[in-house]
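*Asks:* One structure, pasted below without further comment.
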Ligand SMILES: C[C@H](N)C(=O)N[C@@H](Cc1c[nH]cn1)C(=O)O
Ligand SMILES: [Zn+2]
Ligand SMILES: [Zn+2]
């Protein structure tokens, strides 16, 4: 007779098409958290999840985190959906977190197909915004529970869940909810699992034990009271855009080095054990250059690239609000512009110190310009880095589950991106947190043509289930 896990795997295989249809349904909800006009869709997505979990028998609690000021528009923050599925005191309790909001996506950004219509390509890519980040994994937990119930398979653990709709916009309001619910809704949690990042390559699965933090800034330059004709006023007034371009250029050089004094001072020293952890990882510049569609890699070797993704702070410039960007030639001097940039932070950087250093740098550089314009530096959102040991039994259980599904020992990785609430869970619940990614390195999260491979989706649903079965039989006591 086959084991419950083998039976579960068979059912996942049999239900593949149904699972893809479910992904199609959620991708079609354009839950873009940064777009005020889509806020209703974000809420609809949260309600969709709640309804489906409740239909399965979960107890849910919708928490509305309050209001948000988005470019002067007051908006309701989307709900955080808390849930409890199963409440058997003889079982372990696993808390899973995910987000149901997505990054913006427009066909004219360069997508080959409508971003909110899931398309399956002949080579098995499930293309659509949110497929890998993070709707596929969020759906994975639900489909895992539904599959167990439909087949009459005993669910191995009590599952608690926390799904938010603001992760792509700074997780506003969530930290406070986690703190408030730590001894209430989240009481009894044994371990936390988050599926919201990606493999290092495209073939070998991994478990992730670190994330970078993010400190996001707007740099606003205000000049004349209205946009001006450049033929009449060019060369006679201080132009906000000229000041902004100068200032942005002082932040980082072309080889990625941050030029803000003091920014590297808090970076943790590298240990011998850490140096060794780069050995044998599935990561190559050849594959990375392929994913990038052009070899634009700065660093000479793979190890240096990984260090700049995992353990060294970086600064990226994202865009300019208020600047002319449409096709055609408009001869305008914009009156007010906002440059947007962020720093990815690493152990042991303090966000408050980062903001202090960045502001001091920009004040000094702006002073050198002798401009009569007005400069403002605004830190719009921040999230802390997270770094943990991969030796905890939670990771051991996940490694066993990975071996069962993929037949290989997973790589142990850190993630260059940020999931701000990871540390909040760890600190407030006092339990181990594991990152168990579903998608691959070439999925194009946040980019055009985002996809999740059918293989990763289906094996990922198996992996989430296998992990819960492994946790059920794992002694979670940390060895001394
Ligand atoms: C890794 C995760 N899937 C992700 O994409 N996180 C975002 C979080 C964020 C922070 N500010 C805006 N979004 C990221 O790393 O950019
Ligand atoms: Zn995500
Ligand atoms: Zn994301």
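Every residue, even glycine, has its Cβ placed from backbone N, Cα and C.
Dumping what TrEMBL says about this protein:
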ACT_SITE  101  active site
ACT_SITE  167  active site, proton acceptor
BINDING   99, 133, 196  Mn(2+) 2 binding site
BINDING   133, 168, 446  Mn(2+) 1 binding site
BINDING   196, 229, 331, 344, 418, 446  substrate binding site
SITE      229  site 'Important for catalytic activity'
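Mind running through what each feature is packed against?
*Replies:* Sequence-distant neighbours of residue 101 (active site) (same chain, 6+ apart, CB under 8 A from its CB) are 31, 32, 33, 42, 45, 78, 164, 165, 166, 167, 168, 169. Secondary structure from DSSP puts residue 101 (active site) in coil.
In the three-state DSSP assignment, the secondary structure recorded for residue 167 (active site, proton acceptor) is helix.
Sequence-distant contacts of residue 133 (Mn(2+) 2 binding site), defined by Cβ-Cβ distance under 8 angstroms and a gap of at least six in the same chain, are 102, 103, 196, 439, 443, 445, 446, 450. Under DSSP, residue 133 (Mn(2+) 2 binding site) is assigned to a helix (H, G or I) in the three-state scheme.
Counting every protein chain shown, 21 other Cβ atoms lie within 10 Å of the Cβ of residue 168 (Mn(2+) 1 binding site).
Annotation note: residue 418 (substrate binding site) sits in a coil segment as assigned by DSSP.
In sequence order, 331, 332, 333 are the residues of the chain that are 6 or more apart from residue 229 (substrate binding site) and have a CB within less than 8 Å of its CB.
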*Asks:* Could you give the Cα-Cα distance between residue 418 (substrate binding site) and residue 99 (Mn(2+) 2 binding site), in whole Å?
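*Replies:* Roughly 13 Å, rounded to the nearest whole number.
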*Asks:* Note down the number of other Cβ atoms within 10 Å of the Cβ of residue 331 (substrate binding site), including every protein chain shown.
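*Replies:* By my count, 11.
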*Asks:* Using all protein chains in view, find how many other C-beta atoms are within 10 Å of the C-beta of residue 418 (substrate binding site).
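*Replies:* Its Cβ has 25 other Cβ atoms within 10 Å.
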*Asks:* Other than 133, 168, 446 themselves, what residues in this chain have Cβ atoms within 8 Å of the centroid of the Mn(2+) 1 site's Cβ atoms?
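*Replies:* In sequence order, the nearby non-listed residues are 102, 103, 130, 134, 167, 445, 450.
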*Asks:* Whole-number answer please: how many Å between the C-alpha atoms of residue 344 (substrate binding site) and residue 99 (Mn(2+) 2 binding site)?
*Replies:* 20
